[in-house]
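Marked as Na(+) binding site by TrEMBL: 75, 78, 82, 340, 469, 473. TrEMBL lists 698-709 with the feature compositional bias 'Polar residues'. Taken from TrEMBL, the feature region 'Disordered' applies to 680-727. Per TrEMBL, the feature transmembrane segment maps to 69-87, 99-120, 141-169, 225-246, 258-278, 301-322, 334-355, 457-483, 495-514, 526-547, 567-593, 613-638.
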């Protein structure tokens, strides 16, 4: 040590010497932080550690039980996407063939990164902002970006819960209001609504009665007051569930996480008993192998893995930060990932069983309508009766008989067949009709339920399940916003949470305009996907390449009591970053090749038409993406050029020979301050100064250093160590 250092002056002078903590630790030899504790009064290390753990337990909330925590993680990861997005992607991307890329990406990306988020949250015991500030200060903007993405998702996600609330209350009547087209009377003549007659009763109810949708995103149409009230109810429910943090949301999870499985089990049993259910399930599990080689399928599978497990949102980190240090998060990662995949497959079985039933009904309806056309042609001598096979009975016409008759007529009348307007009525065609996203739940599935006995009961159960699934995910999404902000800025929890809900409700009015559904598409399909991918990549890089995979694995071993599989080392270090880089590149290319657009409902045509976003909407979309990722480069630049402190040089310590005195003249509310002063041990994420903690893959963990338990500070004071400070 230099002879003129301030630490050396301490040994030869009774005068006060003031020096920053960063300078002190930079000049001193490595200290065994595990054995070190701050000991101004000379207390024994064991007593001090016990006192710190007691303060930690009192200061930071904790889950009441392991079951409550697991249910919270399941409730967050298992959401509406498992019910309609996963089945839709299976239907669109080759049935069983889609399960192969999904499983592969779940194993090499999903589970390793889910485990990583669980581990860093539990180890550091902070929200996403505090975690990534600690792991790598220059990448501290990751936490802020996660909060912004959570805000974007929460804004439109609660609108979907509002839709479910609307349908839930409409389900308490028989017959269901979407089972038949509305009829108006013009004198003595009953007239069916033209828009409904051209489409279907469920489609009409969704687009006209529920959304009252405009023809394009450019036509605002004003607020839909029914959906505005439902949105208010949705935010009120979410606010009450999260206002007390995990003390309130943890109790809600017992119902919101378990009830959907009861409903799914009931629907599965009911669905398997339906006529044609097996046709739908066989259609699902019949793989179209050519789809497995389609890069688009792999990109969509990776995106679904991210959304299914909640990677990058910060909710996983927030929930795990309330765990005890010795919790086995490795087991949690495997368990929650398996339950998530199991739920997706279970929901897909239910959906395809019901869609198989619906396809058979629609196919029979097609046969009846086309048989009436053929009878008309026979009566008007357009077709000869010789074309009809003798065994065909029009009063009991089967799909097989119709297919045979259709084939004969098509062969004989080949030149004029198109003028007859006959449909083949193939069951396969009905099963191949894919309905995307919300349409699967609010149109296709809803239509199938109208044919169930006691249809209002099943409708009430279905939409109550959707409300609970959405609520579980919204609790995790809100935790991804509130936990890091409250941890970092020490704002009042209840006031901030209520303020967030009120703010989100007023911003969410954008989505309950008559054109609101198109904005939901913009946010759901585009605004969150690319930023989320960037966030997850940087999380992986921050831990594996900056903090150091070896060091991280060593510290996980100490925390868990056993060494995780080497599989995770290679996934974090090489495979996952490479796969995600390819995914990001593919997403950017996709946006460039295929301009973003949406499916618009054209009232006059009573049909959907794909439209591209106008220039002003594209400007909004690009702005959303930029805003979501902007904190990452901003924080990086500010800290790289020392325009924003990382907290390592803000604390000074005054001392005389033989003792230490605390100078609080320039203290700030940061992690190092609380660590040195042991102000709140539970909030001290690390005993290591930030500029010494992030030395990269080849650095030696402070946990590996050895020496005097008191280090070089033995004559006057010891350094504090807390359970959550060893990552």
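Cβ coordinates are placed from backbone N, Cα and C, and glycine is handled just like the others.
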Excluding 75, 78, 82, 340, 469, 473 themselves, which residues in that chain have a Cβ inside 8 Å of the centre of the Cβ atoms defining the Na(+) site?
74, 76, 77, 79, 80, 81, 257, 260, 343, 472
Most Cβ pairs under 8 Å with the transmembrane segment (301-322), selected from 225-246, 334-355, 457-483, 495-514, 567-593:
457-483
The transmembrane segment (457-483) vs the transmembrane segment (495-514): 3 or more CB pairs under 8 Å:
yes
Once near-sequence residues are set aside, which residues in the chain of residue 473 (Na(+) binding site), 6 or more away, have Cβ atoms under 8 Å from its Cβ?
75, 76, 77, 78, 79, 80, 157, 310
Do the transmembrane segment (495-514) and the transmembrane segment (613-638) come together with 3 or more C-beta pairs under 8 Å, pairs six or more apart in sequence?
no
Positions on the same chain near the transmembrane segment (567-593), where near means CB under 8 A and six or more residues out:
105, 108-109, 112-113, 115-116, 295-296, 299, 302-303, 526, 529-530, 533-534, 536-537, 540-541, 543-545, 549-550, 552-553
Neighbour tally for residue 78 (Na(+) binding site), based on other Cβ positions within 10 Å of its Cβ:
27
Tell me, please, if the transmembrane segment (526-547) and the transmembrane segment (99-120) are in contact, taking contact as 3+ Cβ pairs under 8 Å between residues separated by 6 or more positions?
yes
Using a 10 Å radius around its CB, how many other CB atoms surround residue 340 (Na(+) binding site)?
25
Using a Cβ cut-off under 8 Å, which residues of the same chain at least 6 positions beyond either end of the transmembrane segment (613-638) come close to it?
138-142, 144-145, 148-149, 152, 217-218, 522-523, 526-528, 530-531, 534-535, 538, 595-598, 644
Sequence-distant neighbours of residue 82 (Na(+) binding site) in its chain (C-beta under 8 A, six or more apart):
308, 340, 343, 344, 347, 469
Any residues 6+ beyond the ends of the transmembrane segment (225-246) with a Cβ under 8 Å from its own?
61-63, 72, 158-159, 161-163, 165-166, 210-211, 252, 319, 322, 471, 474-475, 478-479, 482-483, 493-494, 497-498, 501-502, 504-505, 508-509, 511-512, 516
